[in-house]
Amino acid sequence: MELEQMVVKELGISMDDLRELIDRELEKIEFVKQRKAQLLEMEQLVKQKEAEVDHVDKLFDNATRAVDDCETLVKSLYDQIGMTYKESSSEDEGSSKPTEVIEIPDEDDDDVMSVGSGEAVSKIPKEKHLLREAMAAMKRSRQDVQSIVEAIQKKSDGPQTRFSSHPSSPTSSVGGSNQASASNDMSKDGDLVVGMRILGKKRTKTWHKGTLISIQCVGTGKKFKVKFDNKGKSLLSGNHIAYDYHPPPENLTVGSRVVAKYKDGNQVWLYAGIVAEPPSSKNKMRYLIFFDDGYASYVTHAELYPVCRPWSKSWEDIEDVSCRDFIQEYVNAYPNRPMVLLKSGQLIKTEWEGTWWKSKVEEVDGSLVKILFLDDKRCEWIYRGSTRLEPMFSMKTSNASTQEKQQAGQQRTRPNVGAIRSKGPVVQFTHDLTGNEPEHNPAAPPSPQSMPSPQLIDTDSDSQQAQSKKQVAKKSTSFRPGSAGSGQSSPIPTESVPQPPAAPRPFQSNQSVQPVQSIQPIQPIHNIQTIQTIQGIQTIQAIQPIQSIQTLQPIQTIQPLQTIQTLQGNRIVTSIQQFQIIRTENIPAESTYKAPKEKLFYLPHVCNYTCLSRIRPLSHRGKNPLLVPLLYDFRRMTARRRVNRKMGFHVIYKSPCGLSLRTMPEIERYLFETQCKMLFLEMFCLDPYVLVDRKFQPQKPFYYIPDITYGKEDVMLSCVNEIDRTPPPQVAYSKERIPGKGVFINTGADYLVGCDCTDGCRDKSKCACHQLTIQATACTPGAQSNPMAGYQHKRLEECLPTGVYECNKRCKCSANMCNNRLVQHGLQVRLQLFKTQNKGWGIRGLDDIAKGSFVCIYAGKILTDDFADKEGLEMGDEYFANLDHIESVENFKEGYESDAKSSSDSSGVDLKEDHEENSGSEDQEESNDSSDDNFGKNEDITTSSVWRSYATRRTTRGQKENGTSETASKDSRTRDETTDCKLPEETSKNKVASWLSSNTMADSVMDSDSRSSLKMGEALETDKPKESEEASKYPRFAEGNRAYGYNPTPTKKDGVRRPVTKTALHQIKRQSSSAQPTEEVLTLSSSSDSEVGSGTNGSKKPAAQATANDSDDIQTISSGSDEEEEKKNVAASAGPVKRQVAVKSTRGFALKSTHGITVKSNMASGEGGPGRRNTRQFFDGEESCYIIDAKLEGNLGRYLNHSCSPNLFVQNVFVDTHDLRFPWVAFFASKRIRAGTELTWDYNYEVGSVEGKKLLCCCGSTECRGRLL
């Protein structure tokens, strides 16, 4: 008491207050907190165990009563059959006597059961129903006893003793023996033996070597106790241990569960993952591994260890939901896996922490790409199929939008071709790298009678009949941004059209291939089979044996008869008689042009009509249009000249009067001065690589048709078949559009705008028709007209999405001299219909075609959308083309694709530009790079310190554990450094963090929607004092050895995962500041997670560089509270529910295929008013576009096949009407085309847009995307 009084007097506080103060201080100590938490946890465990014991006791009591009931039944049965029942466990009767078996024979002699001790059965029961009742009771009791045994193994020793001391019945003795054997440890389980070396998984998610010390039965399964070499023991399941040896290669299939080494600089860790790609020459014979936490890496066979007891579905062992869903989708779709086709030097947008960043492709290594972020110069390895890459994300979001609209009834089940085809990165559907891809579609039995042709899918064959519930596919005739021939790169949603050919299938032969020893005479080929798909069913047709060349039959020339047209009601019915086959020996030879040897001399004069008086007659129709001027005594000469110290070629023309014409304006002026009406400006070409006298001569064909147009075209269109004897399909040829039922096209002159030009419409500023084309370009984003829009010297260099208006019948200009009349002149180039090897019928040029030249139009019957749906289901949709000009321009103007490549700095633009137009060879100019060429670019495989990833990235909230913040899904592991590397002061925090923080705060006043930016800026400011404290707890890295990654998985509380970097520190700082969700956020999370992370929205450059193009550099994928409002706006602006297929929306929708990604555009220009009407609705309330169907009636445009690297582009041209609904669909050359090259265009189908429909692409391009549908 005296001591207490002295203390109170000295301290000035009472003892009670002192105790409270001490208690409060103790509670603040971290160790005490942990102990209290452990105590609470222990109390919970004790309560849980007590509840389990009570539950087991109840089960035991119930089982005991059941055994007693069974024993009572058995005793009564014994009494009825005159036997004496004795208990086997009775001590007074001597339980040590040998047991005897009571055998109860069943009616079928199937069951023999040992039920305990007793006398031998001397009598057979007479009442069978009593016997069956007793057996059923014994079976039930045995099941109850087994469940008790399993439950007792989990309970304390008390209940076990109680159970063992209880008197057992004849049946319960069996359960007791099972219990005794189950409780003992096992020394062997299959190939796992106690004492063997294995790998085990620790709480840190890393795997370590150890020794198997015991095998225990726990519940219905087995547990394996492992003692690790670096101290510690763990009781693990079979899927958490791995063999300490390298598996044979044949066991490592795609989806196999393995443990692999992950290298980062000098550090090596072991992590679990799945085999994503088998070794091949393209990946340097390495395995691609997808690790459980979202990383991807290539490893060798010596770095793999097989998991001992993997689950049948390997992805179910992955904890993170997004990674699990990604791997499940990947394994199920393999070997068809979409990846972005990339090459070094390309620019591409890449997602990082919810924001799209401009980045550059540094290196391509197989299926991985090394991305350099241009803003902070950091690198990261990413799987080429990850949705962090903008082309993959756009494809996934487009597919999800299509599925959502179809489910909501807003879109018909047709392919959505609104996907953007950029000049650089495109999504490619690759196949098995080993070439051993299994054939998923089994072939049907041979049916030669029903197979008219041996191609895989003959898109031109009328043998393809209608299918029930068939999806309708349509190509689009509107502007394709970023496609070949398009000078624009802004995304525009568009429509789909004729069904493209499917992938080729190799010839199957029963004969084995033998090495060629010597050249032998050609022998007949037998047993060749080709596969053809009709209505989704494969049938095999045997080709007739091909005779040797020496014995080939003479080719057959087919002369078509005239078509017969009859009027039935209001419809013109066209019928065609069968081809008339005429036998001939060879194709008519064409005379070769020989340039005149005499020289032309120029005498000074004024060129006029008399300069061409002697060559006026039209005598060279049907010739190569580029050769026609030479036939009229013009001379075309090629000279070399030095420009910028480089030798180049230059073409000049000499007129018959000796005047030198060096440029297209000079040629144009000369033709006008001489009033030359038999030559057009498009017949002259100054490209030195376009040869005017290069002819293509086909090989000896089986069929030859001089003209399939029946004389309806100005130029004959020949047809050859060099593959087999299949004739071309019977089609009513028409070079003009044919309005169908319910379609009215007003072509009256009173509804057209005409010009009064007398100079051949050379001055665009004075031509009214030219001005229509120029004024229409103001509908593009920015609302600035292009005064140079339209034809340039009768050629169109790039696609104009707003259309081209040609002079018409109301114009006063000369039809032959006008420079604004091109498409209406019809077919001018010489083409040929030919049978391809695996794509059906195709079109190729017989002469060189200059870039920008008009080729042909797409003609057919124009149908309404409703009638096209009906006819497509009945007749097929292979030749449907949407007249979607209105929707294309509207979407282009409103900026529906906010993250599109609208400038040279955006996604898909190469840094290296070729400025040497007239140097080098033509082949070099036309060569294309492919990512396959970059596979395994460096021969020396070096371990990179840059992190690799494959799964969709998302931001998550950081959590603090033991006073330290951790990254959101990965367990950070501190790595031991040999030297203490110090960073410069400005790099102690992430460059991106400082850049975002400073610029976001500096430009927050200028930001139109800066709420989230301000919040993040404030959060960064508040976290700055904590940064040095956090950084001191993590290792430091040298500037030259920085590692970066991302966190696709939710935060885990256990252990350490990946080494922590400055990026991780910055992410911790950002995540800790995002406790309150903002309005503009990124959600890239799994559907089962509700975590939301904060991201920047429209982050801007410094004030000196802040422009409207910032959204092109950095874009935030966001989903906020206004998601539903966005949906309503899209629905209102897109028109009624019944809408065309190709109008693509990227606003506010759930994305199933990418596991919960939500997107909202951040371009203000894309927000339309909810009450705005679609332009098409002003045409008597129409809701959908019209369709061109060339199935039964059409021109040569129906035969143009698809290519992922096309040489034609589509252009809408207005000729006979200015009705926006009915443009002419014209094809122009997007590059120079060599004679004999097949003409192709991009169908622009969206892969996966039609459920149950799959078409492989066999275009053969180096940039082939692999699939069409």
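Here the Cβ of each residue, glycine as well, is placed from N, Cα and C on the backbone.
The Zn(2+) 1 binding site annotation in Swiss-Prot covers Cys755, Cys757, Cys761, Cys767 and is backed by similarity to another entry. Per Swiss-Prot, the feature S-adenosyl-L-methionine binding site maps to Lys839, Gly840, Trp841, Asp877, Tyr879, Arg1198, Asn1201, His1202. The Zn(2+) 4 binding site annotation in Swiss-Prot covers Cys1204, Cys1257, Cys1259, Cys1264 and rests on similarity to another entry. Sequence annotations record features per position, and here Swiss-Prot assigns coiled coil to 9-63 based on sequence analysis. Summarising the annotation, Swiss-Prot assigns compositional bias 'Acidic residues' to 103-112, 919-932. Residues or ranges marked as compositional bias 'Low complexity' by Swiss-Prot: 164-177, 462-476, 1078-1094. Per Swiss-Prot, compositional bias 'Polar residues' is recorded for 396-414, 486-497, 1106-1120. According to Swiss-Prot, the compositional bias 'Basic and acidic residues' annotation covers 968-989, 1021-1033. Among the features that Swiss-Prot reports, domain 'Tudor 2' is placed at 340-395. Per Swiss-Prot, the feature domain 'MBD' maps to 620-691; the stated evidence is sequence analysis. Residues or ranges marked as domain 'Pre-SET' by Swiss-Prot: 753-826. Per Swiss-Prot, the feature domain 'Post-SET' maps to 1253-1269; the stated evidence is sequence analysis.
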### Query
In DSSP terms, helix, strand or coil for His1202 (S-adenosyl-L-methionine binding site)?
strand
### Task
Spatially speaking, which of the binding-site residues Cys761, Cys767, Lys839, Asp877 is closest to Cys1204 (Zn(2+) 4 binding site)? Use C-alpha to C-alpha, please.
Lys839
### Message
Taking the Cα of Cys1257 (Zn(2+) 4 binding site) as the centre, which of the binding-site residues listed as Cys757, Trp841, Tyr879, Arg1198 lie within 10 Å of it?
### Response
none
### Query
Using an 8 Å cut-off from the Cβ centroid of Cys1204, Cys1257, Cys1259, Cys1264, can you name the remaining same-chain residues around the Zn(2+) 4 site, in sequence order?
His1202, Ser1203, Ser1205, Cys1258, Gly1260, Ser1261, Glu1263, Arg1265, Gly1266, Leu1268
### Query
Roughly how many angstrom lie between the C-alpha atoms of Cys755 (Zn(2+) 1 binding site) and Arg1198 (S-adenosyl-L-methionine binding site)?
33
### Task
List the other residues in this chain whose Cβ sits within 8 Å of the Cβ centroid of the Zn(2+) 1 site residues Cys755, Cys757, Cys761, Cys767, in sequence order.
Asp756, Asp759, Gly760, Asp763, Lys766, Ala768, Cys769, His770, Cys807, Cys811, Cys813, Cys818, Asn820
#### Entry: Least buried by Cβ count (within 10 Å) of the binding-site residues Trp841, Tyr879
Trp841
### Task
Give me the Cα-Cα distance between Gly840 (S-adenosyl-L-methionine binding site) and Cys1259 (Zn(2+) 4 binding site), rounded to a whole Å.
12
### Query
Restricting the comparison to the binding-site residues Trp841, Asp877, His1202, Cys1259, Cys1264, which residue's C-alpha is spatially nearest the C-alpha of Cys761 (Zn(2+) 1 binding site)?
His1202
### Message
Rounded to a whole angstrom, what is the C-alpha distance between Trp841 (S-adenosyl-L-methionine binding site) and Cys1259 (Zn(2+) 4 binding site)?
### Response
13
### Task
Between His1202 (S-adenosyl-L-methionine binding site) and Cys757 (Zn(2+) 1 binding site), find the distance joining the two CA atoms and give it rounded to the nearest Å.
40
### Task
Inside 10 Å of the Cβ of Cys757 (Zn(2+) 1 binding site), count up the other Cβ atoms and send me the figure.
24
## Note on the structure
DSSP, reduced to three states, assigns Trp841 (S-adenosyl-L-methionine binding site) to strand
### Message
For a quick check of packing: other C-beta atoms within 10 Å of the C-beta of Lys839 (S-adenosyl-L-methionine binding site), how many?
### Response
27
### Message
As a test of reading the model: what is the averaged pLDDT for the domain 'Post-SET' (1253-1269)?
### Response
82
## Note on the structure
Tyr879 (S-adenosyl-L-methionine binding site) to Cys1264 (Zn(2+) 4 binding site), Cα to Cα, whole Å, comes out at 22
### Message
Checking the contact step here: among the binding-site residues Cys757, Cys767, Cys1259, Cys1264, which have a Cα within 10 Å of the Cα of Lys839 (S-adenosyl-L-methionine binding site)?
### Response
Cys1259
### Summary
By Cα geometry, the one of the binding-site residues (Cys757, Cys767, Cys1264) nearest Arg1198 (S-adenosyl-L-methionine binding site) is Cys1264
### Message
Please identify, among the binding-site residues Cys757, Asp877, Asn1201, the one with the smallest Cα-Cα distance to Cys1264 (Zn(2+) 4 binding site).
### Response
Asn1201
### Task
With Asp877 (S-adenosyl-L-methionine binding site) as the reference Cα, tell me which of the binding-site residues Cys757, Cys767, Cys1259 is the closest one.
Cys1259
